[in-house]
Amino acid sequence: MATTTSQPVTGQGHISGQSNKPMSRPAHSLTSDDVVRELQGDSVRGLWPEEATRRITEFGRNELTKQKPVQPLTILLEQIFNAMTLVLILALAASFAIKAWIEGALLGTIILFNIVTGFIQSLQAERTIASLRTLSSPTCNVFRNGDTVRIQTAEVVPGDIIDLQTGDTVPADMRLIDAVNLEADEALLTGESVPILKSPRVTFDEDTGPADRLNIVYSSTTITKGRGRGIVFATGMFTEIGAIASALNGGDEDRADNRGSVLKRAWKRSVQWLSDFLGLAKGTPLQRKLSQLFCWLFGFAIACGIIVLAANKFNASQDVILYAVTTAIGTIPVSLLLALTVSLAAGARAMVDRHVIVRNMSSLEALGGVTNICSDKTGTITMGKMIARKAWIPGCGTFSVNSGNEVYNPTTGEVSHNVMEPKDMQREDTSQSAAVTPADEVKSNVPLQWYLTISSLANLATSESVEGHSEKAGMTWKAKGAPTEIAMAVFASRFGWNRAQLSQGPHAQWSSIAEFPFDSDVKKMSVVFRDTKSQQAHVFTKGAVEHLLSSCDRIAVGEDIKALADADKANVIANMEALASQGLRVLALAHREYEDNICEVDFLPRGTAPSRELFERNLIFRGLIGIYDPPRPESLLSVRMCQRAGIVVHMLTGDHPQTARAIAADVGILPSPEKMRVLPIKVTDSIMMTATQFDALSDSKIDDLPQLPLVVARCTPSTKARMIEALHRRNRYVAMTGDGVNDSPSLKRADIGIAMGTGSDVAKSSSDIVLLDDNFGSILNAIEEGRRIFDNIQKFILHILAANIGFVIALLTGLAFQDDSGISVFMLTPVEILFLLMGTGAFCETGLGFEKGVPDILNRPPHDIKYGIFSPELILDMVVYGILMAICMIGPFTVVIFGFGSGDLGFECNHKYSDSCDTVFRARATCYTAITWVFLFYTWVVVDLRRSFFYMPKGLRVWGRHLWENRFLFWSIVGVFLVTFATLYIPVLNRDVFLHSGMSWEWGVVAIAFGIFVAGVETWKWAKRVYSRRRAPAQQVDWTCEAGIATANKI
């Protein structure tokens, strides 16, 4: 294992490897006796109960700082205290202040619905995450005064002696005292994909990284094999996991500049606090943009109100104030927050069906702008399970396995055979490989039979089929044992060979005599079996290639046995290196006949068992087996789709560089060999790095790289954090995936943190979304949903803001329409405006939020974070459509008053109906109906920003059926259209609430205004299509380039 010298990310004041009770040096650099002495422990008897109680008081309980439980009040306050909601609350207060009770009631309803919807969705997401949290081992075996007792993990203290067995979860960071074949799964902390064999007798340099401290076991990791005993040196927040949790709990760094006077610092902190409070500096790009928009609109609304007052010579009458408030409300997109909340909530619910839990609803929209994904390898891109990929048998060739989706099922997948040796085979060359039927292949192939016998018997793992819980479930396969041994057992089972069949039952061919477990010194594992027919004893051995070769003096080549010459050894090493270069973990297999008489009695505890050296010598080399954690079947397609979508995928893994390179090449993260040959040398040198190489670069040198690494091997938490920072300096929007505690700081630092459902509690708490199936493909689902939501948000923002522009233009123009008392007459009343914005608008905009994604949504680059939702095209559309809407309001009102009427604006027509106000009420009804029709039609206009409304989609025979696809939107438009007639003709409702009357000949004016709007919209869209076609060749970008390499853009 390579030594990692970079220090891990730790909490403030924490020194990695140190104890709650300070020692002279970190525990991994001391012998176990030194650690016991410095911690004043007893390696045999353990602590006295009284001393353990005293140390709990001194050092605290063995617990991480408890995460705050779900706080409904906090979630509720987050829904209230943001710029968008506060602006609406101020509009509500203004309405009630001038006794506009109906307007105020409508605003209150919309605010309450926004808050309740957001609160319920956020609370449900947090409670779902809380239900996913798993507890660490609640109890452990500890020595107290010579007795072994089982205590709560929280009661463990520094100096305790802990007994560890297979399956135990380590309760605290421990320095091992002794261990027998002890392996620990540390993927949670270090990202290492295979269990780590521990060695208590070695010591390491103080700066050795956590992944390479073989004499230490860490809190919350799992013992997968063997047994051991160790002394606790760090508990609670002093453990490696505690250090990471401490860094996370520390929160964001104070962004205020500490330089300058006290007053200046206080001012900066006040501005920072206000910006955070209003959401101007925190949250996703959309949240910041909308918060800025609402603050700007609030200022503009005040300005409009002042303009109204000034136009009326600052007359403080209720009529003037009401007009000012109405104009101000017309500038505010009051239904935007509702449509946004419902759209995000619906998207979050939809994502549950796609195996994604959204903890932060706004992050779902932000996913649409992701430009780079930094992903862990183990369990995300790969399956997190080991399989045998290659098997080389000298003289017989190489067997390759494609396991399919069920890696533990020996009946699925395909086995192929190539007569060539691994060193002579090209990685992708399958021309000389042929599929074989394992059961037939093994019948006459004696070398293969010996190879499979060793794989089966020198193995403690089991693989078996289990009947599912339903008829549809069928048979499932489960395995127990060490991952490496499981892979070998499944491979042998493909040929009908397994330990149970060979050594159990009345007709067993072999009977067990002895077992020599894997030993870190000799790096071999051996078993001794007797042939039940010949009564001949045989030794079967597997182990590290170099160590096993040194125990061999013969080699089987086909069915011939010959002396192992130096050339044979060199050939074996060459084949091992060829397999290792493909990212495989390579083991050697060997066996021999044991000539001396031996039986099981010789190995009983009361006797003196023969030394393993007597058995593990003069072996016959039988072959190599290459094992790896295979990519998920969907990973290749998902990575390619990311590349087509303009998203660069980076793999940051703790695995060996060769393993990382092989997996990255398999799933398409690294370019193909052909493309690598044509890329500049500087790019190929930077495209794959180890953490040591990357960390050795300064920030300026990293920024000078033509291409940030697509793969970083032996990655540490600090390396991941630096990668995210480097991407941010290149203005990239980053999603980070991970499952272990070691990923948590990066999850928090990334723009979007994506945790695995089976990952650590700390990782899930640091994330924005959680993948229930731990599948890289689900990230693409989330991005697709994010882009759909982003597109729909653009549509309903365009819908409402264009209307706001139209209302403001119309109302400010309407200041010129003054009655006999000199008071400006409403072109549209406050109730009409609020009904259009919150009644018509809310339903239509919510319906736009349910629009399906376009077919090519993943065939285009991410949207530009610089502009976010407000792209130049959207802003221009907003102005054009707003002006068209203003024309469709001002025009009908003016025509009815001045074209067909006498121009008399009556008296007090802003309050009640009178005979003198009849023309004004009819003109107002005409204006209201025209803008309602326009507003409804405009909803379908923004479904596609460029395509004509009259376009016939492919596959449809009847025009208009596509409008039915979004049924909520369709019925919203139909419903509001019908309600319009009710507001016009129902007594009391028309003249007393809406302050307008029914119409007769004015319907013709409405139709003309509607026709003008349709013609204007179609003309504008036609002009955009022409402009887009002429500009397209110059802007065409190849987003399907492999691995997202775009050196010219310095990705």
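In case you wondered, yes, glycine gets a Cβ from its N, Cα and C as well.
Here is what TrEMBL says about this protein:
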{"type": "COMPBIAS", "residues": "1-22", "note": "compositional bias 'Polar residues'"}
{"type": "REGION", "residues": "1-30", "note": "region 'Disordered'"}
{"type": "DOMAIN", "residues": "26-100", "note": "domain 'Cation-transporting P-type ATPase N-terminal'"}
{"type": "TRANSMEM", "residues": "75-98", "note": "transmembrane segment"}
{"type": "TRANSMEM", "residues": "104-123", "note": "transmembrane segment"}
{"type": "TRANSMEM", "residues": "293-314", "note": "transmembrane segment"}
{"type": "TRANSMEM", "residues": "320-346", "note": "transmembrane segment"}
{"type": "TRANSMEM", "residues": "796-817", "note": "transmembrane segment"}
{"type": "TRANSMEM", "residues": "823-844", "note": "transmembrane segment"}
{"type": "TRANSMEM", "residues": "879-901", "note": "transmembrane segment"}
{"type": "TRANSMEM", "residues": "921-943", "note": "transmembrane segment"}
{"type": "TRANSMEM", "residues": "968-988", "note": "transmembrane segment"}
{"type": "TRANSMEM", "residues": "1000-1020", "note": "transmembrane segment"}
Could you pull out which residues elsewhere in the chain have a CB under 8 Å from any CB of the transmembrane segment (879-901), counting only those six or more residues past its ends?
798, 801-807, 809-810, 813-814, 817, 827-828, 919-920, 922-924, 926-927, 930-931, 934-935, 938, 941, 1001-1002, 1005-1006, 1009-1010, 1012-1013, 1016-1017, 1020
Long-range Cβ contacts under 8 Å made by the transmembrane segment (320-346), restricted to residues 6 or more beyond its ends, are 84-85, 87-88, 91, 94-95, 98, 100, 103, 107, 110, 113-114, 117-118, 120-121, 290, 294, 297-298, 300-302, 304-309, 312, 361-362, 364-365, 789, 792-793, 796-797, 800-801, 804, 807-808, 811-812, 823-824, 826, 828-830, 833-834, 837-838, 841-842, 845-846, 848-850, 910
Report the DSSP secondary-structure composition of the domain 'Cation-transporting P-type ATPase N-terminal' (26-100) as helix, strand and coil residue counts.
45 helix, 1 strand, 29 coil
Long-range Cβ contacts under 8 Å made by the transmembrane segment (796-817), restricted to residues 6 or more beyond its ends, are 297, 304, 307-308, 311-312, 323, 326-327, 330-333, 335-336, 339-340, 343, 824-828, 833, 836-837, 841, 844-846, 848-849, 869-870, 874, 877-879, 881-886, 888-890, 893, 897, 905, 927, 931, 935, 938-939, 942, 945
Quick test of the contact rule: Cβ under 8 Å, at least six residues beyond the ends. What residues does that give for the transmembrane segment (921-943)?
795-796, 798-799, 802-803, 806, 810, 826-829, 832, 836, 840-841, 844-845, 847-848, 851, 881, 884-885, 888-893, 895-897, 901, 909, 913, 949, 963, 969, 972-973, 976-977, 980, 983-984, 990-991, 994-999, 1002-1003, 1005-1006, 1009-1010, 1013-1014, 1017
